[in-house]
Amino acid sequence: MGDRLGQKGPAGRRRMPFLFLLSLFSPVLSEQISYTIPEELAMGSLVGNLAKDLGLGVRDLPTRNLRISAQKKFFTVSTENGDLLVSDRIDREQVCGKKSTCVLELEMVAEKPLNFFHISVVIQDVNDNPPTFSRNITELEISELALTGATFSLESAQDSDVGVNSLQQYYLNPNPHFSLIQKENPDGSRYPELVVKTPLDREEQSYHHLVLTAVDGGDPSRSCTTQIRVVVADANDNPPVFTQDVYRASVRENLPVGSSVLSVMATDLDEGVNAEITYAFINIGNVVRQLFKLDSKTGELTTGGELDFEERESYTIGVEAKDGGRHTAHCKIQIDILDENDNAPEVTLDSESKHIQEDAELGTVVALIKTHDLDSGFNGEVFCQLKGKFPFKIVQDTKNTYKLITDGALDREQTPEYNITITVTDRGKPPLSSNRTVTLNIIDVNDNAPVFEQAFYLIHVAENNPPGASIAQVSASDP
């Protein structure tokens, strides 16, 4: 075969076992290698030696023309020794956001023989972002009639890191009247709640100053603090109460801006100004505030920006209801984004040559085809086919790669050139498709003998012709 998987190497590589069907006409195999590197490596840092892991000798590199056909921004291959090197800054938070696993997929192409190699580079998070609060000081009003054990949501800190490096714990400075508990959202993120430990007396103490600290799990850990100023308010007998603790909605992506998602509702048994409820977001980031709008009077949640399933599949939003006496209640909104078939599949070609000899054997690989669709599920499943009848066919290699191979005899004398249109279509409703055209020129081989125009010539010659006189002409042709 010539190419094989490598062993353990510099960047924490591991083998990726695959089973392949080896046909009589397709002797080239596609293989996958995985590397693991931390984010923020310096440019020029070594990821691994591709030449060694693919079983290529250094002398073979100029002939094989090993190159990257995807993710060229972040990586490059040394033509001298086959090392895979970092060529640009890799910020895991920019590349993968809050995804728990960050993988960059590379497609390597080698020539003579032509082949794809699938390379996965896992980007590990480093603790390069501290947790942050959006405000340095938060004022919180709590009624002096608040019962022992009553809880009040506090602002969550935001941390761009993931896993153990993300926000892990909140701490509150010691205080005889308050303690802190930590809860989790459905997506696993943590948020703090302030708990009343002992009865409050406004006449005795009208303000309490607290310090909330957020700490991540990195080594060493990083932290931030915010001040909480608790204002003890005069009595308001009844707090507002939401009709549900969690409101849920599923909406399709690309929903027009201003569309209604759902409405939350809280009630208050008090009368007059103490029963007037206003709604506001709590514990959400700036991105969510731009995507959703909440009517402070009605509690109706509408879209304020374009939702994209490919960017994020769900949102957890905190909502606070506050009455005229400054009592509050809290609920959560869980929004699931439904995927639509809004991305046409993409098709790219990597070809060794746009010329092929007319005596090429059946199954000869002409071009490597790669497809990609940003959608998920059926909307992201694609199939590849040729438009028209040609002495070529497409065979699937892996989930998203195909090979264009010969499927019939080629005759330059009959057809010297083929313009082949490759169509890739997804399985969405309605389906979306893309086309790519490749021109193949057929190279002549000496497969035709010359042929005389006549098999037998009868010539009458007059006597006494001088030497050198023309007596007849014969003709032969070769296609």
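Just so you know, glycine gets a Cβ as well, placed from its N, Cα and C.
Whatever TrEMBL says is automated annotation, not expert-curated.
Note that the coordinates shown come from a computational prediction; the quantities given were computed from them, not determined experimentally.
According to TrEMBL, the signal peptide annotation covers 1-30.
Across the residues of the domain 'Cadherin' (29-133), the predicted structure has a mean pLDDT of 86. Residues or ranges marked as domain 'Cadherin' by TrEMBL: 29-133 (among others).
The annotation domain 'Cadherin' is assigned in TrEMBL to 134-242 (among others).
The domain 'Cadherin' feature in TrEMBL is assigned to 243-347 (among others). Counted with DSSP, the domain 'Cadherin' (243-347) comes out as 10 helix, 47 strand, 48 coil.
Per TrEMBL, the feature domain 'Cadherin' maps to 348-452 (among others).
Sorting each residue of the domain 'Cadherin' (134-242) by its DSSP state yields 3 helix, 54 strand, 52 coil. In the domain 'Cadherin' (29-133), helix, strand and coil residues by DSSP number 16 helix, 40 strand, 49 coil. Remark: secondary structure over the domain 'Cadherin' (348-452) totals 4 helix, 56 strand, 45 coil, with classes taken from DSSP.
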